[in-house]
Amino acid sequence: MAASTAAGKQRIPKVAKVKNKAPAEVQITAEQLLREAKERELELLPPPPQQKITDEEELNDYKLRKRKTFEDNIRKNRTVISNWIKYAQWEESLKEIQRARSIYERALDVDYRNITLWLKYAEMEMKNRQVNHARNIWDRAITTLPRVNQFWYKYTYMEEMLGNVAGARQVFERWMEWQPEEQAWHSYINFELRYKEVERARTIYERFVLVHPAVKNWIKYARFEEKHAYFAHARKVYERAVEFFGDEHMDEHLYVAFAKFEENQKEFERVRVIYKYALDRISKQEAQELFKNYTIFEKKFGDRRGIEDIIVSKRRFQYEEEVKANPHNYDAWFDYLRLVESDAEADTVREVYERAIANVPPIQEKRHWKRYIYLWVNYALYEELEAKDPERTRQVYQASLELIPHKKFTFAKMWLYYAQFEIRQKNLPFARRALGTSIGKCPKNKLFKGYIELELQLREFDRCRKLYEKFLEFGPENCTSWIKFAELETILGDIERARAIYELAISQPRLDMPEVLWKSYIDFEIEQEETERTRNLYRQLLQRTQHVKVWISFAQFELSSGKEGSVAKCRQIYEEANKTMRNCEEKEERLMLLESWRSFEDEFGTVSDKERVDKLMPEKVKKRRKVQADDGSDAGWEEYYDYIFPEDAANQPNLKLLAMAKLWKKQQQEREAAEQDPDKDIDESESSSF
């Protein structure tokens, strides 16, 4: 008992007795201390030796040491969550999911309010496809921290991505019980609308406007009903909003939106009553926008019809004068048609359109037709969207296509717009017939692409193949088409067919972007893990071009293959490239190759390999050359930089002479310096001759 008591007491250190209290002979200042500390900071510590793990025992030892390090860091400061996350991510990188899970759980015990910790934990489970574990984590997170919106968003997004619509809806319902901010409600509504659940979205809006009873939210609710053509419901929403806010909290924006809705429904008397009711109860200072919109409405439909008629008639007369003076002023026709569409009857609008399209450009050049063709586009869109007359829309498209001189030029947009219209009318054969006619009359890249895109959306892959074949017959130099065709076959799983397409493509005598095609072919073979085929492709490409980027890419491919001897093969490629490019006129490309080689040796080579490449690096020298003007006269001299490679210098006598001249100049400078210094032996300068 006495021993334990004595051990438990703290030992008090003995006070050192100072024998000599006189000041030291050499005093150390604070400045000296700081200088020494700074000098020690500049000392470079050697990097720790790289450890290469060769067997399981060493791996286990490495894991044990790393875990001990992480545990020590955590023990020092448990509240630093980044240490926990790094520890868990390290365990995850080793596929030790259970250990990572345990670490996250321990971290949550330390700080369960840390948002990042929950997110990293759940993301780990999702990344490893542990869906149920991820669900449990999200469930715990939203239960523990229900006011963190990020948890709810990610939880619902995960459920939706998994196709669990009912589960996502259940999560949203739990979220709404907490009455979150407005954006959360909008997310729920948009979720339901993505699955065409209009009735559910309406129910959510009903709850939303009660939780967040702002004017803008009531307006959004009404516009939602209007957008889905529930006009009676939209009117009821506006009426409920007016009743909800009453006379004490009236807002002009609500009444403006209500009036515009009724205006769109052509209920002009209702519009007038709404404006008058609001203006009678809202002060003029707060009703500027309301009064402005009422004035515009009255100019359109109300008692001020005479004023409106004068304004419209004046503008119409102005446009008539402009189009009479220059019938081919298509901008004036556009303005005129915009005015007529906003005010006149459908027959009047059609009459003006017919007058406008009658002014065909006199010259059959595409640049003169670009503005004119949009008259036909707008005419067709008006008939389809405003007049709701599909038959007349079809006639407009057909008339425009008959008018265009397809032998000289065409407008792919007109063919595509027509085909899209027929698809909207569910006349797929008509759309195909139109596009087939277009590529028969006037084949064009945009037409082929549009037709192929249509058939792809319809999953008609055989038709896509035929279209690609015709496309490539029309433009065999188009590399993009070859690549897209091969990618289609790859997606369909026909690898041999895709390879045959690539072989046909690279055998073409003329290509617009051959480098893109070759890269795509090489990437395709790499994806198929055909190492030998890829190597042969690089060899074929190097027979056609000796570009430095091809050599570098070839070397990097050999290095990335991961097979035994890949480093040696990569080095062999660099050596072969260096030998090949000795006669290359572009010295910058040769320098680029050597720099890439040096980077490779820095990472994988030995000291001798690095020194060998360093010896091949060129010297940068400044030179002068004559410059000639465009007329052939002498324009003086210009300086430029050139590169002298050691291999070239050894084979050129003039470069040897230049090196000797530099040495002689250096010796001359040393002799002059020696003559100026009397303490130096003057006889040393006599050795300057060569």
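Numbers here mean position along the shown chain, with the first residue as 1.
Glycine is no exception: its Cβ is also placed from the backbone N, Cα and C atoms.
Annotation source Swiss-Prot lists compositional bias 'Basic and acidic residues' at 667-679.
Per Swiss-Prot, the feature compositional bias 'Acidic residues' maps to 680-690.
In this structure, SER342 (phosphoserine) is part of a helix by DSSP. Residues annotated as phosphoserine in Swiss-Prot, with similarity to another entry given as evidence: SER342 (among others).
What Swiss-Prot records for SER689 (among others) is phosphoserine.
Note on the region 'Mediates interaction with HSP90' (250-467): its mean pLDDT in the predicted model is 82. For 250-467, the entry in Swiss-Prot reads region 'Mediates interaction with HSP90'.
Marked as region 'Disordered' by Swiss-Prot: 667-690.
What Swiss-Prot records for 61-93 is repeat 'HAT 1'. Residues 51, 53, 99-100, 103-104, 106-107, 110-111, 114, 116-117, 120-121, 124, 128 of the same chain lie 6 or more positions beyond the ends of the repeat 'HAT 1' (61-93) yet place their CB under 8 Å from a CB of it.
Through the fold, the repeat 'HAT 2' (95-127) approaches residues 78-79, 81, 84-85, 87-89, 133-134, 137-138, 141, 144-145, 148, 150-151, 154, 158 of its own chain, all at least 6 residues removed from its boundaries and within a Cβ separation under 8 Å. According to Swiss-Prot, the repeat 'HAT 2' annotation covers 95-127.
Helix, strand and coil content of the repeat 'HAT 4' (163-194), in residues and according to DSSP, is 25 helix, 0 strand, 7 coil. The repeat 'HAT 4' annotation in Swiss-Prot covers 163-194.
Sequence annotations record features per position, and here Swiss-Prot assigns repeat 'HAT 5' to 196-227. Residue counts for the repeat 'HAT 5' (196-227) under DSSP (helix as H, G, I; strand as E, B; rest coil) come to 27 helix, 0 strand, 5 coil.
Residues or ranges marked as repeat 'HAT 6' in Swiss-Prot: 229-264. Outside the repeat 'HAT 6' (229-264), and at least 6 residues removed from its termini, the chain residues within Cβ reach (under 8 Å) are 202, 209, 213, 215-216, 218-219, 221-223, 270-271, 274-275, 277-278, 281-282, 286-287, 289-290, 293-294, 297, 301.
The repeat 'HAT 8' feature in Swiss-Prot is assigned to 310-342.
Annotated repeat 'HAT 9' per Swiss-Prot: 344-378, in sequence order. Listed as Cβ neighbours of the repeat 'HAT 9' (344-378) (distance under 8 Å, sequence separation of 6 or more from its ends, same chain) are residues 323, 327-328, 330-331, 333-334, 336-337, 386-387, 396-397, 399-400, 403-405, 408-409, 411, 413-414, 417.
What Swiss-Prot records for 388-424 is repeat 'HAT 10'. Summarised by DSSP class, the composition of the repeat 'HAT 10' (388-424) is 27 helix, 0 strand, 10 coil.
Marked as repeat 'HAT 12' by Swiss-Prot: 493-527. Distant neighbours of the repeat 'HAT 12' (493-527): 476-480, 482-483, 485-487, 533-534, 537-538, 540-541, 553, 557; these residues of the same chain sit at least 6 beyond its ends, with a Cβ under 8 Å from one of its Cβ atoms.
What Swiss-Prot lists as repeat 'HAT 13' is 529-560. With a threshold of 8 Å between CB atoms, the same-chain residues lying at least 6 positions outside the repeat 'HAT 13' (529-560) that come near it are 506, 518, 521-522, 566-567, 569-570, 573-574, 576-577, 580-581, 584, 586, 589-590, 592-593, 596-597, 600, 604.
Other C-beta atoms found within 10 angstroms of the C-beta of SER342 (phosphoserine) number 10, with every protein chain shown included.
Beyond the ends of the repeat 'HAT 4' (163-194), by six or more residues, the same chain brings 142, 146-147, 149, 152-153, 155-156, 200-201, 204-205, 207-208, 211-212, 214, 217, 224 to within a C-beta distance below 8 angstroms of the stretch.
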